[in-house]
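Q: The following block contains the structure, expressed as structure tokens.
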2 protein chains.
Amino acid sequence: MNMFLNSMESKEISTFRRISNTLQHLSTYHLSLPVEDGTENEHPLRSPDIDMLKHLLDGDFKRDRTQIRQLIQNSKSFEEIHLIESISPEVHRERTIQAVREVIDLSIVSVTDMKDNPEKFLSWFETVSICDLSVVLKFAVQYNLWGGTVLFLGTKKHHDKYLNDISNGKLLGVFGLTELGHGSNVQGLETTSTYDNATGEFIINSPTWTSQKYWPGNISAHGQMATVFARLIVDGTDHGVHAFIVPIRSAPSPGKPYGEVLPGVEIRDITQKSAYNGIDNGGLLFRNVRIPKDNMLDRFSCVNERGQYQSTVPPNRHFAAMMSVFFIGRLCISSISLTAMKSGLVVALSYSHNRKQFGPPKQPEQPIINYSTHQRRLIPWIARCYTLDFTHKYVVKSSKSMDVLHSYSSGLKAVTSWDSLVALQNARECMGGQGMRLKSRITVLRAHSDMCTTGEGDNIVLCQQVAKFLLFKYNNSINEGGSFTGELEYVNNIHRPTTENWRSLSYQQWLLEKREFALIKELHKKMYTSNPSIKPNSEEWYHLWDKCLNLAIQLTKANVDRLVHSIFLQKIISITKESNASTLQMLKKLCCLDGLVQIQRDLGFFCSTGIISGHDKWVKLDDEINALCKEITPFSRELVEPFGIPPRFHPYQNSLE
Amino acid sequence: MNMFLNSMESKEISTFRRISNTLQHLSTYHLSLPVEDGTENEHPLRSPDIDMLKHLLDGDFKRDRTQIRQLIQNSKSFEEIHLIESISPEVHRERTIQAVREVIDLSIVSVTDMKDNPEKFLSWFETVSICDLSVVLKFAVQYNLWGGTVLFLGTKKHHDKYLNDISNGKLLGVFGLTELGHGSNVQGLETTSTYDNATGEFIINSPTWTSQKYWPGNISAHGQMATVFARLIVDGTDHGVHAFIVPIRSAPSPGKPYGEVLPGVEIRDITQKSAYNGIDNGGLLFRNVRIPKDNMLDRFSCVNERGQYQSTVPPNRHFAAMMSVFFIGRLCISSISLTAMKSGLVVALSYSHNRKQFGPPKQPEQPIINYSTHQRRLIPWIARCYTLDFTHKYVVKSSKSMDVLHSYSSGLKAVTSWDSLVALQNARECMGGQGMRLKSRITVLRAHSDMCTTGEGDNIVLCQQVAKFLLFKYNNSINEGGSFTGELEYVNNIHRPTTENWRSLSYQQWLLEKREFALIKELHKKMYTSNPSIKPNSEEWYHLWDKCLNLAIQLTKANVDRLVHSIFLQKIISITKESNASTLQMLKKLCCLDGLVQIQRDLGFFCSTGIISGHDKWVKLDDEINALCKEITPFSRELVEPFGIPPRFHPYQNSLE
């Protein structure tokens with residue numbers, strides 16, 4: 001702390017002290033206190049403490065992470081042969097499952113950690129996602145989805161019977177939610193589960209071609225059971241979508257390691273994809289397959305002993321109750337694209353420090369990272385990785401209510417996956433043709449992140465949920481007198497900062513708050529002005545809302561930008577005591593750079609609404625971002641070292657080939 | 001014409017008449033005349049005349065295009081088996097060459113058309129690029145690059161000896177320019193060609209590992225000869241980079257269809273890439289390989305009978321002279337990404353019209369194209385395809401000087417390839433998981449467009465050349481008294497339009513002109529203020545320029561935006577007589593939408609420089625774009641029909657599967 005304070009001006013010290021002291025009184029998401037960091041007066045940047053950065057990124061699970069990284073670095077099963085040779089999906093799938101078993105053998109987490117220790121689970125998942133992403137997606141299928149339904153939607157009888165074998169990989173399973181005809185609108189799915197009172201069984205049926213369960217991994221080769229979401233019909237009444245465990249293959253037997261497809265079950269293979277070819281995605285149809293009554297996952301509802309449907313949640317909340325428990329899964333998918341972004345940046349940075357091209361007249365050629373365009377295309381994404389990483393860790397630890405967590409995880413997944421694609425495209429282009437060799441992994445990582453934009457909830461659909469959450473909060477607040485609480489509490493404390501210095505983190509925070517609030521108000525105006533008592537779910541709402549979709553997406557991005565910036569600020573403040581001055585200074589720079597880049601991305605909104613005024617702001621902001629990138633560049637390799645990408649996935653460390 | 005005039009208000013009629021009449025007096029690139037289109041007063045849109053649109057896009061080469069499309073649709077060689085099965089690069093390469101031979105057998109163009117009929121050549125190239133893009137890239141290697149060097153850098157003796165066999169595919173060859181150590185900075189390449197006066201031969205040598213020719217297709221499997229760019233050494237003097245024909249494999253013989261690698265030649269294969277695995281990219285090293293004197297491509301320079309070097313261009317212009325002839329090749333690469341964008345849009349649009357999801361309360365589910373986000377993500381790219389298509393056609397026909405054409409083709413290639421990637425990413429996400437199936441082609445097309453961002457000149461490097469071209473033009477103009485000519489002539493006529501109606505095409509044109517000129521002035525200020533007599537190529541210049549790189553890229557984009565918008569306007573005006581009213585109206589809408597989207601993309605610059613002022617412009621512009629997309633959506637399938645994508649590449653026309 002003292003070293004850090006010594007490096008600051010007295011005004012900064014008092015600001016930081018004030019913030020540190022008041023942190024405990026702050027609403028978690030509000031941090032608009034002035035952080036008069038005045039970075040422009042600081043000493044030149046120095047190397048950060050890499051161990052401290054590693055500590056920040058590895059969190060409390062350094063030992064677990066190290067074990068996983070060593071396995072990935074050393075085991076033959078994690079060689080990415082599909083990046084060098086054409087291999088068939090069959091070979092890729094077998095390698096994937098072999099790698100999965102080796103990770104299981106480390107015995108780091110079990111399915112129940114999703115509930116008991118989500119922080120540990122996310123940390124484990126994120127580290128596994130360093131390798132071929134088919135491996136981690138196989139875990140997403142097996143643990144988060146198949147295991148997750150049993151854990152979160154089942155009761156003790158299911159937990160006792162299945163969870164252990166799901167964790168140890170003996171019982172591979174399928175998450176049968178989406179259908180060919182219903183991807184996003186899963187409430188409209190067609191599969192039926194009809195209760196037969198005579199036998200006490202459910203009859204699972206796929207009434208149409210479009211009702212086939214479509215996409216889930218573990219269908220076409222490996223899965224022995226499936227959680228099937230189906231419309232529950234009891235005595236001719238449709239009670240909506242519920243979940244059931246349905247066996248689809250027989251138990252493994254000698255010579256048949258994945259058993260045989262059971263009668264009444266039909267399976268299709270989904271052919272080549274742009275990524276995850278180690279996953280056996282498929283289509284799954286049921287021809288009146290009978291399952292015992294106990295196979296209904298009955299945490300929220302059941303068919304009772306008298307053959308009657310009963311539920312602990314109202315019908316219109318039932319589906320949401322089932323879905324909300326998957327927020328950890330969404331964070332996991334988001335962390336796949338975050339790790340892909342980190343991995344790609346490590347490769348592109350190495351290459352750009354080694355690769356030389358052009359130079360000043362009559363002087364040797366320069367490493368291409370020295371060019372300001374290369375810096376602009378790579379350095380801000382390093383900052384972004386830190387920002388998003390801190391936010392993932394914050395959200396998984398948060399004890400907020402489920403609707404808040406749903407909003408956080410949805411917005412964060414959308415922004416992370418979109419950002420990852422842009423970052424990886426920049427990384428690709430920064431490597432020239434080498435970026436197109438599969439060996440460099442860049443395009444493969446991009447293909448994997450690509451899935452994350454529509455997997456585990458289409459980003460556009462999720463953004464709408466975030467925007468509606470904020471809109472309803474706002475509408476309730478003004479109906480109740482205009483005091484903002486919860487996620488909108490920050491609005492009560494938006495004060496124009498004393499500085500408009502681009503590098504002031506508090507100025508940036510103010511800008512981000514102003515923008516988000518302006519977007520909420522605009523959305524509210526559009527939805528409620530003509531009819532203040534408009535009903536959500538009415539036809540009027542449906543048509544008005546459609547006109548606001550782009551606005552809703554902008555609002556979600558703005559919401560996430562504000563959130564991640566405030567979380568980064570908190571992180572800086574919270575480690576002030578334990579960090580040295582150069583590390584804190586570096587983190588402030590990263591936070592500052594990330595803030596400025598987000599502001600530049602949307603400068604049109606800031607300027608056209610008057611939040612930013614004055615002449616030539618575009619040029620000045622652009623110059624500032626250039627300057628920041630240039631300051632950080634000499635430390636860029638140090639900054640990505642804590643990402644912990646094993647050397648095996650780092651093909652351009654020393655030279656060209 | 002009359003039908004069209006009948007549909008317009010009298011003010012519009014007079015405007016259009018005036019424009020038609022004055023068109024012939026206009027500078028080709030200046031079209032800031034008021035086009036008071038007042039689209040808001042028009043009748044509702046009606047179906048355009050598809051034949052007219054086809055005519056616009058097919059140009060004068062409808063018959064050729066039809067022949068190629070039929071071949072692609074019907075021949076077994078054009079089945080994209082690699083999208084369904086894993087096939088080895090060897091199999092893919094053989095299929096590619098088979099498809100190439102079938103296209104050659106149509107006898108539509110020859111290599112000399114690049115010079116004699118570039119418009120026809122581009123049209124042919126663009127149509128071939130509908131199929132698996134390995135096929136068209138094989139042609140780029142064989143015709144544009146290998147053939148292009150012989151045609152443009154060679155003389156009659158080379159033309160007579162080689163061109164026929166290059167055109168008919170008997171003599172496959174390599175374009176040996178880039179080296180492992182030199183991709184963009186090709187002037188720094190290391191391969192040497194030393195003249196041996198005793199024998200009258202050149203000795204081709206690769207002195208280092210990094211001097212290997214790296215990337216070119218036709219290296220690792222098929223090429224029999226190579227144009228090798230090497231430093232010419234005569235009597236110990238290095239005369240810089242020149243081009244030589246070097247045999248690398250023996251002639252085909254029974255059982256050896258591609259001959260055998262010749263002594264002194266070493267060949268490496270480049271392993272799996274993210275795209276173009278039908279192309280045999282490789283590395284190529286020479287161990288003092290001797291070639292006859294006649295193998296020097298001697299259009300600009302030669303070693304004369306007395307063994308002395310002589311050249312018709314000054315040494316510092318020699319390399320540029322050699323490179324400038326490849327502008328047609330750059331247009332071809334650009335058209336690959338344009339065609340990829342078209343192909344992807346056709347698929348995503350079909351899917352989005354068929355796929356239903358969600359809907360108003362208690363009503364059937366709606367096609368997802370009905371949602372405003374889907375419209376925003378797809379419809380503007382249809383407009384963009386028309387815009388860019390017209391521009392490619394304009395540029396290839398243009399009789400401007402080579403420096404202008406270099407600037408046009410460079411900027412256009414950069415913008416088209418970047419846009420194509422964004423369009424295809426949107427298409428991918430609009431198709432949900434189906435977009436990740438290789439069968440949908442979307443991700444494959446994206447991977448192909450991706451190459452175009454760094455192939456045939458890295459976009460960042462090309463943007464710098466465009467920006468420098470404009471900067472020097474501007475600097476010369478103000479040094480010579482401030483009257484602007486040539487590419488800057490438009491500056492003399494920038495007048496604030498009478499309307500600020502977003503839909504006014506002349507207002508849009510004014511905005512685009514203002515922005516480009518503001519960027520030129522800003523760049524000039526940064527480069528010349530501190531030292532008005534700064535020398536390009538000085539060290540001072542080098543460092544200042546590096547600080548301006550992002551500005552230079554923004555300027556290039558702004559330049560292309562203005563250019564393409566004015567070309568679209570010209571196109572509309574030029575076809576007024578032959579088109580019906582609904583078609584003209586539709587083209588105006590497309591032009592308008594494209595203009596608005598480009599303006600929104602950079603609204604921060606427009607607002608922060610005061611070019612756009614007033615409150616809430618972001619929201620108003622966003623609403624306008626939403627509204628335009630909604631108007632055009634019902635006609636979207638009609639609008640992509642003229643792209644001419646054969647049914648084979650159109651997998652979601654009728655239903656899901």
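FYI, residue positions are counted from 1 along the chain as it appears here.
Cβ coordinates are placed from backbone N, Cα and C, and glycine is handled just like the others.
TrEMBL annotations: computationally assigned, not manually curated.
Per TrEMBL, the features are:
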DOMAIN    B:175-289  domain 'Acyl-CoA oxidase/dehydrogenase middle'
BINDING   B:Thr178, B:Gly217  FAD binding site
DOMAIN    B:328-471  domain 'Acyl-CoA oxidase C-alpha1'
ACT_SITE  B:Glu456  active site, proton acceptor
DOMAIN    B:519-645  domain 'Acyl-CoA oxidase C-terminal'
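Give me the lay of the land around each of these features.
A: A coil conformation is recorded for B:Gly217 (FAD binding site) in the three-state DSSP classification, outside any helix or strand. Listed in sequence order, B:Leu137, B:Lys138, B:Ala140, B:Val141, B:Val174, B:Tyr276, B:Ile279, B:Asp280, B:Asn281 are the same-chain residues six or more apart from B:Gly217 (FAD binding site) with CB atoms under 8 A from its CB.
Within the domain 'Acyl-CoA oxidase C-alpha1' (B:328-471), the DSSP-based counts of helix, strand and coil residues read 119 helix, 3 strand, 22 coil.
For B:Glu456 (active site, proton acceptor), the same-chain residues that are 6 or more apart in sequence and have a Cβ closer than 8 Å to its Cβ are B:Phe326, B:Gly329, B:Arg330, B:Ile333, B:Lys413.
In the predicted model, the domain 'Acyl-CoA oxidase C-terminal' (B:519-645) has a mean pLDDT of 96.
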Q: I want to check the contact list for B:Thr178 (FAD binding site): same chain, sequence separation of six or more, C-beta distance under 8 angstroms. What comes out?
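A: B:Val186, B:Leu189, B:Lys213, B:Tyr214, B:Trp215, B:Pro216 - these are the non-local Cβ neighbours of B:Thr178 (FAD binding site), listed in sequence order.
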Q: Using DSSP, what is the helix/strand/coil residue split across the domain 'Acyl-CoA oxidase/dehydrogenase middle' (B:175-289)?
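A: Secondary-structure composition of the domain 'Acyl-CoA oxidase/dehydrogenase middle' (B:175-289): 6 helix, 53 strand, 56 coil.
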Q: Please list the DSSP helix, strand and coil residue counts for the domain 'Acyl-CoA oxidase C-terminal' (B:519-645).
A: 99 helix, 0 strand, 28 coil
